[in-house]
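Taken from TrEMBL, the feature region 'Disordered' applies to 33-62. The compositional bias 'Low complexity' feature in TrEMBL is assigned to 36-49. Residues annotated as compositional bias 'Basic and acidic residues' in TrEMBL: 50-62. The [4Fe-4S] cluster 1 binding site annotation in TrEMBL covers C98, C103, C109, S337. Look at TrEMBL and you will find 110-326 tagged as domain 'Radical SAM core'. Look at TrEMBL and you will find C124, C128, C131 tagged as [4Fe-4S] cluster 2 binding site.
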Amino acid sequence: MLGAEGLGKPQARLDHVGAPAYMAGMANLIDNTVPSGTPSTASSSATEARAARHPEKQKRADTPVLRKPDWIRVRAPLGKVFAETQKIVTEGELVTVCQEAGCPNIGECWEQKHATFMILGDTCTRACSFCNVKTGLPGPVDADEPRRVAEAVAKMGLKHVVITSVDRDDLADGGAQHFVEVIEAIRTIAPGTTIEILTPDFLRKPGAAEAVIDAKPDVFNHNLETVPRLYLSIRPGARYFHSLRLLERVKDRDPEQFTKSGIMVGLGEGKEEVMQVMDDMRSAGIDFLTIGQYLQPTRKHAAVERFVTPEEFKAYETIARAKGFLMVSATPLTRSSHHAGEDFARLRAAREASLGRV
């Protein structure tokens with residue numbers, strides 16, 4: 001359980017919560033015509049907003065920025081449903097990874113009233129070189145957040161919801177009990193909604209993962225993010241085999257629980273390394289694999305080594321399916337929670353088919 005010092009209600013969030021990260025992401029993706037090194041005024045402002053979120057990276061040398069290919073394009077977020085989703089999030093004083101991570105799919109997802117809620121605050125205790133979520137000392141855990149998340153899920157009429165969080169190395173259980181309380185609140189207030197969680201690694205938090213597994217989410221997702229060789233530079237606060245073992249423990253403890261993991265490509269990994277990660281995942285019993293293109297949030301983040309072509313993503317999907325994954329999503333703009341509801345339905349159908357029940 002969280003100690004009393006870890007509980008409390010934060011100050012009310014303003015309408016522009018997540019705006020710097022979100023606008024940064026849009027500028028980074030929509031403005032695809034300005035040559036590298038000559039940013040527009042709008043993109044310069046967005047870059048400054050992104051940089052302010054990562055003071056720990058400001059002494060790093062700028063990394064090169066590659067021109068984005070035509071297949072890395074997104075639709076600018078417009079429309080009534082997008083505004084309705086934004087209103088529900090704002091009025092609920094909630095955080096979404098869609099905004100905080102500058103997700104390229106926010107326009108599409110929010111237009112369909114799909115959102116991935118990020119619990120335990122908007123500030124992470126780690127400083128991964130790929131991630132746009134703010135780094136720093138997090139505030140107290142918001143004890144009322146589970147209720148507000150569940151009520152937002154009900155208002156949005158979600159059939160499937162994804163819950164993720166920042167890393168909370170400052171908490172004794174890494175935030176595990178808060179995950180449990182969010183799951184329980186959704187089960188109570190929106191009982192027809194299936195629940196997918198995207199968790200941190202709970203490194204050095206004995207019993208934390210087990211508590212979350214026992215809350216029985218429908219899908220337990222934890223991303224390996226990249227190949228083992230790149231962990232020191234890309235994900236320095238984590239350990240590849242610890243993350244792999246976490247997912248294996250889910251299957252050991254609850255074989256019926258779906259497991260899911262994802263990696264980014266374009267960071268300098270080799271094809272053989274990606275296939276080895278696939279083999280490691282299958283050895284751990286992982287059901288669902290996602291592979292997407294890494295996109296560089298700022299010049300202070302890890303550089304994109306190359307843009308993987310759609311044809312290469314298709315080849316990865318074919319290989320992964322041959323290795324036995326029940327579900328594979330591999331495209332340049334694939335993200336962990338993109339189309340999660342539709343993919344969950346396919347995942348469940350694939351299991352039924354594999355068991356000869358259909």
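Just so it is clear, glycine is given a Cβ too, placed from its N, Cα and C backbone atoms.
Those TrEMBL annotations? Automatic predictions, nothing curated.
Overlay of TrEMBL annotations on the structure.
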{"residue": "C124", "record": "[4Fe-4S] cluster 2 binding site", "DSSP (3 states)": "strand"}
{"residue": "C131", "record": "[4Fe-4S] cluster 2 binding site", "DSSP (3 states)": "coil"}
{"residue": "S337", "record": "[4Fe-4S] cluster 1 binding site", "DSSP (3 states)": "coil"}
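If you measure from the Cα atom of C124 ([4Fe-4S] cluster 2 binding site) to that of S337 ([4Fe-4S] cluster 1 binding site), you get 19 Å. The Cβ centroid of C124, C128, C131 marks the [4Fe-4S] cluster 2 site; residues of that chain outside this set whose Cβ lies within 8 Å of it are R126, A127, F130, N132, V133, T135, V166, D167, given in sequence order. In this structure the alpha carbons, written CA, of C131 ([4Fe-4S] cluster 2 binding site) and S337 ([4Fe-4S] cluster 1 binding site) are 16 Å apart.
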